[in-house]
Amino acid sequence: MDITVNSQSNTVAPKQAECKKMRYSIRKVATVGATSALVGTLAFLGATQVKADQVTETAPAVATATATPETSTASLTVASETATSVATSEAVESSVAHSEVATKPVTETQPSNTTPSVVEEKASSTVVTSSSDATTPSATVAAVSAPAHTSEAAVEAPTSTASSEAADTHTEVDLKVSENSAANANLSKLNGRIKSIVEENMTSDQIVALTEEEIKALNKVDFSDDAIKGTGTSLTYRNLKDIVASFLKQDSKLAVPYFKADTIINMPAFNTVDAQTMKKEEIDVWDSWPVQDAKSGVVSNWNGYQLVISMAGAPNKNSNHIYLLYRKYGDNDFTHWKNAGPIFGYNALEDDQQWSGSATVNSDGSIQLYYTKNDTSGGKLNWQQLASATLNLAVENDEVVIKSVENDHILFGGDNYHYQSYPKFMSTFDDDHNHDGNPDRTDNYCLRDPHIIEDNGSRYLIFESNTGDENYQGEKQIYKWSNYGGDDAFNLKSFLNIVNNKHLYNLASWANGSIGILKLDDNEKNPSVAELYTPLVTSHMVTDEVERPSVVKMGGKYYLFTASRINKSTDAEGTVAAREAVGDDVVMLGFVSDSLRGKYRPLNGSGVVLTASVPADWRTSTYSYYAVPVEGSSDTLLVTSYMTNRGGIAGAENKSTWAPSFLIKMNADDTTEVLPKMTNQGDWIWDKSSESLVHVGDQNSAKLPNEDFNVDYYAVSGYGLKPHTYPTVDGSTGVSEAHGVLTVTVKDGKDKKADKPETPVSPTEGNHSVDDKTNKPGTSKPADNNQPSADKEDKPTNPTNPDSPARTPFPYYGDHSNDNNSSNDHHVAVPVKPSTGDSVGDRRPVAQAAEIATPVPKTIVATGPTVPTNTVKEESVTETEAPKPVKSEEKVQSHGVDKANEVTKSDESSKGNNTKVAAKLATTPKTPSDSEGSNSNILSILATIFAAIASLALLGYGLVTGKIHLPKK
């Protein structure tokens, strides 16, 4: 039964029109006192029934109980009795599941310090009732809209004296039914298999919190067979997370060995005349490859010499051209390498670049070169094409010389079905995949790095590429369940994370990296494409870049390797974690198959074979890993690389150079391990004389005295180029506002860049769009400190490029390029790790796999019913727990943030809005606990005292003024 009390009724005697003087009798005064006493009594009783958790500045009295399936919300609220009521808001405890705030009802069985979550409720004029038995307390309350000046209140009184146990049971059942109804309402909107997946892997609260947009996205999931046409082997999102987890462990079986920094020297053979600048100076050398036997892959013995072709160029000059190096076969002395000069001659053009490739010996002794021709003329965004040329060499006076270059021609530029072409790439470059009204311009075009291999009498090229129409990029890739690669729980959480984050959604929709394969015809010296095939490996939704692929045939198996960077992937959290743990994020990936075009299996489960060990700006930082078979071995490979990032990253005097090589072993179970075997710098052949201990180091000796753990990623990974369009970062929290991932900030300390400002870095700083021509590592462009050598500028008599019209340089350059536009540096501090001794294999794990690859929580069996609240849906579901910030004083915001605090802040910032009231109505009478009873008892006692004082005051006033006359006997 509802009891409504009018505070003005029976308190003022009716005016008598015929009386000139108002008189009060003792009977009427008594009535006033009785009424006041009744008000105080009701206030006392109400204090045991109604407890205000939060009261805002409102005049109208509202008591609501709402259950709205459309908003997936069931909440109980009650307002203060009048505008003059005062109550103290209690602390709010919130439990977040998926991304909603869950609220539990308070019953007698719950401890007094348990309080519900608070949500904002709009005033409603709809009356929502929940009928109950006559033997149980009524749960019916009305939602009333009233003007701000109204002082009426609707308060429910107890209607039964049933036991509290029965009330608890009834309440829990009602709330559980309400909760299940809301969850079932959302489940009913899902179709087929995705409905079962959601039901099995999400809690009721999470299901209730699903938005209409999420439900719509879930219904678009494509469960097509994993063996999708045009896919090849998929590098999945699960693989990516596992790669990062392995990276963080710094497992000695996978981590690149430490090299002793003070033993590393610049390559003497590259103190030479630069093909483009025409100045003699020490120049950088990076991607390199030997002339190999196309059948076995071993380094060819060409007339007693080993030959290597390298990309090289003057620092900070955007000089990207290839040179021929040679040394006596079997010689292990790094200083004995000699430079035959640029293959395509001097006076080279900045816009006509040559990038990575491979080479083999033809039957007539000539060298067949396969390389990447890159055109940046007229503002082109790195138009890469596969090319080939024949090198005619000779030995003259113990020197290898380039006599001529012939048959230089384009082999392949993309067919648009198997492999994306540059025109097709440009046709969608301005598309808006994340639907924000602006062109994305984050796509990355790759068609480069051809690697020659001969199998069953035919020559094939393996190359880096992007997929074509056969299995093209686009939003559809986000909805392909097979691209996620994990169990349903992992896939579901990852899917919701991506669809709720427009930036990840953007990158994932464009990512369509692939490792392609084509067959050449039988013309060795002037080949053309005979046949195209579906890619061997694809990385839809994961990355656009899988660089420098190569296939090694060994032990009856085919091993496929590629180099990559985590920061070029869609795992922003993984990039941050890797950079914070190590200071770099480069890896070598590997796959194995029983045939050249067979199904490739990822090595070590995820595909990771090598992980970086030192910060990217150290002298001993390595990249561009290239595996060469060891002659006579069926399970061992020699890994080569270049060392020191270009453009003076480790100091202007430290040029990019060839690193010492080391061995890795392929195990029968498709696992790999780094062996404690190292060579001198620049060794491409492993034999009995190859092993050297000169460069063996540990973590302490792997850096130069002036090197520390502050990494300038803008210079190292950005090379002066613009990053992908990522959300802005809150400098006070270090958190990306779009997806709440932790950014790594500067650590206080002295270093060679200590004079530069501390600036938070985006978790994906260094992820670059093709708009910025980012395809391979480059550098930022400081002032050029490299002066021409005073030595005589001897110019070898090598062929020069054909005449070409002058071209206006384009301001953006690719990763392959050596341009270094000046920029503001961003330093990221990497925690100093303790020395692990001088053993290459002795490493301490930096982080656990679970920290980077967290599965979706399984369905939780609730110990009590919960009432989902109507709260703002979080923007995304974070896949990983963000790493701790370097600065302890910085606040970190995670996806588990208490949304109740946000509501409270919102209330504080919107005072004066008298329509928002949030409180909770207990459903059974109970004695107030110590925490809540004191306030309610005080209020009721004060109300009673006030009523008594008011009665006495009126009586005294009437007697003194003569307005009240005591009756005479």
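Even glycines carry a Cβ here, placed using N, Cα and C.
What Swiss-Prot annotates here:
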type     : residues                                               : note
SIGNAL   : 1-52                                                   : signal peptide
COMPBIAS : 89-103                                                 : compositional bias 'Low complexity'
REGION   : 89-169                                                 : region 'Disordered'
COMPBIAS : 124-166                                                : compositional bias 'Low complexity'
BINDING  : Trp286, Asp287, Ser356, Arg448, Asp449, Glu545, Arg565 : sucrose binding site
ACT_SITE : Asp287                                                 : active site, nucleophile
BINDING  : Asp443, Gln473, Asn512, Asp544                         : Ca(2+) binding site
SITE     : Asp449                                                 : site 'Transition state stabilizer'
ACT_SITE : Glu547                                                 : active site, proton donor/acceptor
REGION   : 746-843                                                : region 'Disordered'
COMPBIAS : 747-758                                                : compositional bias 'Basic and acidic residues'
REGION   : 860-934                                                : region 'Disordered'
COMPBIAS : 872-910                                                : compositional bias 'Basic and acidic residues'
TRANSMEM : 938-958                                                : transmembrane segment
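Structure coloured by features recorded in Swiss-Prot.
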residue	record	DSSP class
Trp286	sucrose binding site	strand
Ser356	sucrose binding site	strand
Asp443	Ca(2+) binding site	coil
Arg448	sucrose binding site	strand
Gln473	Ca(2+) binding site	coil
Asn512	Ca(2+) binding site	strand
Glu545	sucrose binding site	coil
Arg565	sucrose binding site	strand
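Of all the binding-site residues given, namely Asp443, Gln473, Asn512, those whose Cα is no farther than the 10 Å limit from the Cα of Glu545 (sucrose binding site) are Asn512. Cβ environment of Asn512 (Ca(2+) binding site): Gln420, Asn466, Thr467, Asn471, Tyr472, Gln473, Gln477, Thr538, Ser539, His540, Asp544 lie under 8 Å away, each six or more residues apart in the same chain.
Here the CA atom of Asp443 (Ca(2+) binding site) lies 25 Å from the CA atom of Trp286 (sucrose binding site). Within 8 Å of the centroid of the Cβ atoms of Asp443, Gln473, Asn512, Asp544, where the record puts Ca(2+), the same chain has further Cβ atoms from Gln420, Asn444, Asn466, Thr467, Trp510, Ala511, Gly513.
Across the structure, Asp449 (sucrose binding site) and the residue listed as 'active site, proton donor/acceptor' place their CA atoms 7 angstrom apart. Each of the recorded positions Asp287, Asp443, Asp449, Glu545, Glu547 was assessed for Cβ neighbours inside 10 Å, and the highest tally belongs to Asp449. The two recorded residues, Glu547 (active site, proton donor/acceptor) and Ser356 (sucrose binding site), have Cα atoms 10 Å apart. It is 23 Å from the Cα atom of Asp287 (sucrose binding site) to that of Asp443 (Ca(2+) binding site). Around Arg448 (sucrose binding site), a 10 Å sphere centred on its CB holds 26 further CB atoms from the protein chains shown.
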